[in-house]
Amino acid sequence: MKGKFIVIEGLEGAGKSTAVNTVQQFLRHFKIQDVICTREPGGTALSEEIRHLIKKKSQNEEILTDKAELLLLYAARVQLLENIIKPALSSGTWVIGDRHDLSSQAYQGGGRGIKSEFIKSLADFTLGSSFRPDLTLYLDLPPELGLQRARKRGHLDRIEQQSLVFFERIRARYLELTYDDPRIKMIDASKPIKKVTVDIQNALLSLLEK
């Protein structure tokens, strides 16, 4: 039996890492032991190098352009997809992804203002138009709360240092995409962790019952 692909999405500080652990524990409770976790950008040796390029602040005067950022993200994504995710799913392993294609639609589309049609065509070319996660959990919260949480973790990377308005645009695009796709379930990540955990578990139950 083919594995399932579950993706966790959200702004900085939304609690994606905690949600990944919640999903993994829930699947184990239902005797689903063959599970791997991935992150984007990253997940392969080459993709991790690309992650470093995207996340770090430039040490010289060269600025990473918005289009270059988008192309790097899809290069990292297709490496992860073809080398890790697809083989795992084909072998019956479940995959829990910390971010996937929806991030680029929200961050580069909503945040950077790159046309959604171009991002879709790039996604179709690199990932294939028929490949989609079985379930995406979008952890929604106000950007100011997410950034407050992110600052408590310590040093902010290049993306996390963007303006509040940037993250407001991202959230708006996330919400727009969520309403348009029944496979994306919105979780209110501003609520207490116990409530967030229950909401995630309920969304997973719906997937398992299909």
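Positions of Cβ are set from backbone N, Cα and C atoms, glycine also.
Features of the protein shown, as given by Swiss-Prot:
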- G10, L11, E12, G13, A14, G15, K16, S17: ATP binding site (BINDING)
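Feature map: Swiss-Prot annotations on the structure.
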{"residue": "G10", "record": "ATP binding site", "CB count, 10 Å": "26"}
{"residue": "L11", "record": "ATP binding site", "CB count, 10 Å": "27"}
{"residue": "E12", "record": "ATP binding site", "CB count, 10 Å": "22"}
{"residue": "G13", "record": "ATP binding site", "CB count, 10 Å": "22"}
{"residue": "A14", "record": "ATP binding site", "CB count, 10 Å": "26"}
{"residue": "G15", "record": "ATP binding site", "CB count, 10 Å": "23"}
{"residue": "K16", "record": "ATP binding site", "CB count, 10 Å": "21"}
{"residue": "S17", "record": "ATP binding site", "CB count, 10 Å": "12"}
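In the three-state DSSP reading, L11 (ATP binding site) counts as coil.
What surrounds the ATP site, by Cβ distance within 8 Å of the Cβ centroid and not counting G10, L11, E12, G13, A14, G15, K16, S17, is the set L139, L141, G146, R149, A150, A189 from the same chain.
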